[in-house]
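Working notes for the structure below.
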């Protein structure tokens with residue numbers, strides 16, 4: 001083949017084909033992985049009766065297209081007298097592979113592309129549906145497979161600098177992605193790698209030549225966190241990165257291709273798109289919408305487009321590879337063979353798919369049998385000399401068409417946007433609360449002033465009444481004096497004659513004056529009585545108004561209390577959202593083999609480990625602010641709130657506070673431990689029980705708190721919760737709390753008598769690795785305390801763990817795949833074996849063989865040494881090993 005062919009060949013242009021956009025995930029049913037068997041002797045894929053069903057297809061099935069390369073200069077000269085080994089029928093989507101001049105095999109594909117198909121048509125029928133799915137939130141894969149020199153790199157990686165019509169799938173995919181996204185809210189990041197000799201290398205940073213592949217143990221997602229991830233804003237930046245990567249890719253000159261790719265190239269495009277969420281309004285008891293809304297939850301869709309340019313399969317005698325190139329060819333063929341085995345296993349619905357046989361199959365785990373929409377283009381040549389390689393390529397494509405994936409949208413909450421929105425809402429509520437508080441205080445002041453004025457008016461009226469009473473008394477005295485004066489005057493007149501008549505006239509004048517004064521006084525009294533009546537009426541009306549004002553004050557106080565509860569809820573939501581965003585970022589940064597458990601103490605508190613590990617100064621500052629502004633007593637009081645949402649948020653806040661050692665003493669002294677135990681005892685809500693158990697697990701890290709938990713019946717409550725709960729997270733919290741209590745020497749007998757050990761062993765029914773890790777930690781802590789007690793002479797007799805039937809589970813999980821479980825169980829076995837009285841039970845239970853394995857194969861030197869010392873120090877174990885002829 002000519003050297004220019006590695007970068008591509010030109011085909012004549014043809015009309016483009018319209019491809020419908022993929023159906024959204026809500027309308028897609030998860031496809032089963034049941035393979036379809038082919039029938040008929042000639043049509044290898046299916047009979048015509050089933051062809052319609054296949055055309056309708058399952059949305060997750062791998063779509064396969066075949067592309068024929070035109071003859072190159074060498075083939076035109078060497079094979080001039082021979083017909084092509086393949087015949088294409090694109091209108092029927094069929095391909096005939098000639099066995100000889102009179103016989104051929106017929107195959108059907110999703111698309112059949114002739115040697116004249118343009119690059120644009122190839123992109124639209126092969127890659128564009130995948131790109132549109134990626135923009136909708138699904139993962140997608142486009143892969144090229146075929147013999148070396150058949151045009152894979154041209155189809156995928158051609159940049160098209162000289163002729164824009166030659167642009168390959170990589171360039172055209174990015175053009176469509178940039179045309180659909182919004183630069184303000186969306187982002188695109190690119191990694192470009194090559195798999196060379198089973199080593200994953202970075203094409204954008206050649207110094208990074210041994211990148212590890214990391215798999216999520218829960219979801220199975222594959223990632224390469226060590227690869228260079230470049231965020232790009234425009235098409236030109238992408239083309240520059242593509243040019244840099246192509247320059248670093250390894251190629252060599254062979255008989256089949258002057259620039260034969262010696263590595264598999266993998267382009268990863270990470271698309272992050274923001275999606276508008278939904279805001280629900282909380283209704284009050286009377287049905288009216290409340291001003292408090294549930295938190296707005298904006299969504300982020302994270303999808304990934306993977307474009308894989310596989311190195312060409314080759315036969316050594318045809319390619320002429322030798323020396324180092326021969327080793328490269330072996331590595332390429334081995335990885336392609338491993339990929340073929342995985343495709344066969346998926347197509348045949350095999351129970352085991354050997355994805356770990358090669359790094360290539362591990363990288364493509366999501367593409368075949370995973371959650372990605374996958375399109376495969378197989379490239380073939382027309383030369384009859386390479387009919388065997390062409391047939392092998394066609395068979396690979398036929399098997400790939402039987403593989404079905406389960407498409408899933410990768411959707412997450414945008415915690416940063418949610419946090420900002422909650423901060424604004426909290427600020428608004430604080431301002432509104434301050435405004436209402438000021439109005440409330442002003443109203444109270446106005447009522448006080450009005451009451452004082454009314455009291456003053458009442459005192460004035462009382463004084464007037466006293467004055468009227470005094471006037472009345474004076475009038476009575478005046479009448480008496482006048483009567484006495486009249487009698488005396490009459491007597492003097494009789495005696496004095498003329499003089500007495502003058503005195504009587506004066507007395508009459510005085511009497512008339514006094515009469516007038518009396519009438520004026522009576523009028524004044526009547527006036528005062530009328531004022532008194534009016535005042536009584538005003539006082540009665542004033543009492544009613546005072547009652548109304550008191551009712552208003554009571555309603556304002558109730559509203560204030562409700563606002564305070566809402567503010568506490570929003571603050572806790574804000575704190576939780578901020579923390580979850582930080583935690584997610586740190587989890588992504590920590591993802592890698594080196595982040596496994598590093599010791600027994602690394603999982604002391606399941607609640608704290610999952611929510612507060614490396615939380616940072618920002619999280620602590622936010623918690624301290626909430627602590628100061630709200631107050632611990634108010635938070636604990638909300639645990640008894642009638643509102644279920646308030647109660648749930650309150651217990652979450654207490655659990656978060658309990659994760660910090662500085663807060664634990666205050667929580668216990670304020671009655672927080674008692675309140676948490678009451679919640680565990682009385683509430684059936686799974687969320688309340690889970691978070692309360694996590695808070696108790698955090699408090700149980702303190703030895704003083706452990707004894708308080710025992711005294712208040714916490715062991716029995718945890719045992720009952722372990723028996724009732726089914727949620728793995730709840731069981732993990734309960735197991736973590738019991739595991740912390742197992743590390744206290746003083747609680748050994750109490751734990752057994754109140755069912756703590758039985759409860760711990762019962763939790764293993766869950767089967768979740770995180771739960772089993774906490775159970776194993778608890779057993780290791782208990783065994784360590786027993787071993788310490790035996791050494792000090794405090795304890796004698798068989799282990800309580802053995803008496804409660806824990807040994808079979810310990811032996812069964814001694815070689816568990818999960819490193820934390822295995823490490824704890826290995827320590828537990830070593831501690832149990834240190835007490836000679838347990839030796840016979842351990843031998844009969846099969847534990848001796850596990851001890852021997854630990855002493856030889858354990859990855860940790862300290863545990864290996866402990867196992868050796870234990871075996872050497874036990875006469876019973878040594879005798880049994882001699883009997884069994886175990887070389888040690």
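Residue numbers in this text run from 1 along the chain shown.
Quick reminder: no glycine exception, Cβ is built from N, Cα and C everywhere.
As recorded in TrEMBL:
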- 1-16: compositional bias 'Low complexity' (COMPBIAS)
- 1-48: region 'Disordered' (REGION)
- 24-41: compositional bias 'Polar residues' (COMPBIAS)
- 61-403: domain 'Kinesin motor' (DOMAIN)
- 146, 147, 148, 149, 150, 151, 152, 153: ATP binding site (BINDING)
- 419-461: coiled coil (COILED)
- 504-573: coiled coil (COILED)
- 630-672: repeat 'ARM' (REPEAT)
- 671-714: repeat 'ARM' (REPEAT)
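Known features from TrEMBL, placed on the structure.
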residue : record           : Cβ within 10 Å
146     : ATP binding site : 27
147     : ATP binding site : 27
148     : ATP binding site : 26
149     : ATP binding site : 29
150     : ATP binding site : 30
151     : ATP binding site : 28
152     : ATP binding site : 28
153     : ATP binding site : 28
For the coiled coil (419-461), what is the mean per-residue pLDDT, to the nearest integer?
-> 85
Under DSSP, the repeat 'ARM' (671-714) has how many residues in helix, strand and coil?
-> 35 helix, 0 strand, 9 coil
